[in-house]
Structure formats: structure tokens, C-alpha cells
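Scroll down for the structure; my scribbles are underneath it.
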């Protein structure tokens, strides 16, 4: 499962450093192609909901193996798409298979280790972050194209116009002009395909279904404002995941067009973000043994606020961009798992409430990068990406104390008596 999530991290993060290459491959500029984020997130959301149902009726290893094969197929097909519509559709199918794997891996960890699986769960998400760290290196350093000239958004528009008028625009599915783009996606797809073989091997070996360890009704807890708390956490994850994906996906393009970095430098910057993210997510496994989840969230919010403030203040400084990106990646690492651990201290999570969080994060993944892509096209001279991350950091920093206040309000005695018989969300 760790290898599967390693491949998953690479497959998701590869979009950032290859975004401009994909845009050139379909003769579009970056702002007009931002809908691929919507397509991928919509597919992910659908796959998450479908996977949650299927894992109760189909062997988990078989479904995971089949989803990994579908993920690999999507990675193989993406570089061959020569129109934006076909690319968005392919990205949607790819996102659906990723959503099934994401849901299934988390469910499988809970099935195997139950409430004692916190280290395994942290290690699973650390594997994802490690894959996201390796993706830019693989894209631009291992299979990287020759360093290109830095272009503004208007330069890219002219370049796309010339390519579409000189090239053959009739084909919708063809070998890409840039073979390095093909090899970058194909290498990750091959790794995922190999992992799927081992999952099918486990399916053949284990025919019996594992028993799902569930918390007993005696240990159930319910906060006084349970539903309001879930809605606020939905918003919290919406902005947190949206900012994380936006920065990880657009920092490469931002560094080359706004700051004037070379492609190899920008790829290194992208790797620094995901590298500090992965390293601190690994360290969070040990910090969680002596720090409360709420404390880790507060520290993460402070780090995000400070780093985003300096990013906006010195948006043209390469040195500040390197340092603040490192701090921002480190600050974002522990927020998501700490948020889940924190709310479990005050109210018991059911399958429905967990799915609610996933929907919030998926919608943030879908909406915020797409909106930022459109805004960046209209205001190419403004650091829209940095403004968005700062706004999200301010919002989550204000929202968490409100959530904490709601969670710690005392529960009435009659509500506590009625809790064991309640089966609502």
C-alpha cells in the first residue's frame, strides 16, 4: 500500500511541472486549460464516493489492483491527447481511479490495524508526499526538456497561435511532439502498473475478507454542535487542500513567468515545497506521540501565515521564494491528519462524516486552482497564487479557534444519555 501511495503522489503532482508542456501539447495557454483541475477533482470526488460503496461488496485487493491499472492507463493516455476536451475527459477518468485508490487504501489501513493504525496511516500519507516530492525531479531533471526561454502569458498566447496555424490541428490523439513529456508520464504509469500486479497477487492469496474493527458504542462521543462542527471542518479542509494544491501546481509556472527562474530552478523549487511537505509529514509521526493534534494545527497555521506573508511581501525575490516555500511546505504537512485526529477527540467520526471531509477537500482541489488559473490569465502581473494562499491561511487561522470553541462546549446530560441510540451523521 505504501508503494501504491508513492505512485499516487507522483501521478497527482506530475501535473504541476508538466502543466505548461500539456498546454503546448493541446495548443492552449495555461489560463484556458485550468479546467483540467476541475475535471480531475470531479473524477476524484466521484471515485471517492463510488469506491466507498464498492469496498463493502468487492474484495479490496482486487478493486485496488483494478483501480491502479486504470490509473496507469490514464497516465499512458494523457500525453497523447491533442485537444483540450479530450485531455479534460481523460483527466476526469484518471481522477476517478485515483479517488477509488485513495479511499480504498485508507479503508484497508483501518481494516488491518483499526484504532491502533495511526502510525501506519501517517506512513501511508508520508508515502504520498514522498511521491509528490519525486514527481518534479522526474519530470524536469530526469526526463527534462532543454531549458526554454522564459515567457509571459502573452508570449505563450502568441506561441500557441503560431503552433496551431503551422501544425496539423485535425488529430485529437497522437504522439506528442515532446517525447520527454511522454516518458515522464509513462515511467510513473509503469511503476503503478507493477504495483497493481502485487495487489492482484494479494487478491489471489487472500480470499477471506478482513473484519472491520469498529469503535464500540460505549466509547462513542458526540459534540454539542456536532453538525456545525462538521460543516466548519468541511470549510477548513476546503481552503487548506485548495491552497496546498494551488501552490504545488502553480509554483512552477509562477516562478518561471513572474520571478524569471529557469525551468530547472523552478522544478527544484517545486520539489522543495513537496520535499519539506514530505519530510515534515514523516516527522509528524513522531511529534504526534507527545504533541496534541490541536497544538500541531496551531503551529501549522502560524507557519503558513508567516510564510505566505513574506511570499506576498517579497514576491519578486528568488531567495525569499526559496525560504518561504520551504517553510510553507513544512507548515502544511501535518494539518490534514492532525485535523482528523483533533475532531475525533471531541466527536466520533462515522463513515458519512469522513466522506463529508473528503468532499470538502475534493471541492477545494477542484474549485480553487481552476479559479486561480482564470484570474491569473486576467491579471498576469499580479501574484494571484500568493494572494490566494495568504487568504486561505488567514481564513483557516481564524476558523480553528471557532471550531475549538464549539467542540469544547459542554454536552447536556440528557444528550449524553441519548447518544448510544443515535445513529445520525
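A Cβ is built for glycine as well, from the same backbone N, Cα and C atoms used for every other residue.
Annotation comment: Swiss-Prot describes 35-55, 61-81, 84-104, 123-143, 183-203, 228-248, 271-291, 294-314, 320-340, 355-375, 382-402 as transmembrane segment.
Only pairs six or more apart in sequence are counted, and the transmembrane segment (183-203) with the transmembrane segment (228-248) gives fewer than three Cβ pairs under 8 Å, not enough to call it a contact. Counting Cβ pairs closer than 8 Å to the transmembrane segment (228-248), the top stretch among 35-55, 84-104, 271-291, 382-402 is 382-402. Same-chain residues lying 6 or more positions outside the transmembrane segment (123-143) and placing a CB less than 8 Å from one of its CB atoms are 1-3, 5-14, 16-18, 105-106, 109, 180-181, 183-184, 187-188, 248, 252, 263-264, 266-268, 270-271, 274-275, 277-278, 281-282, 285, 333, 336-337. Per-stretch counts of Cβ pairs under 8 Å to the transmembrane segment (355-375) identify 35-55 as the leading one among 35-55, 294-314, 382-402.
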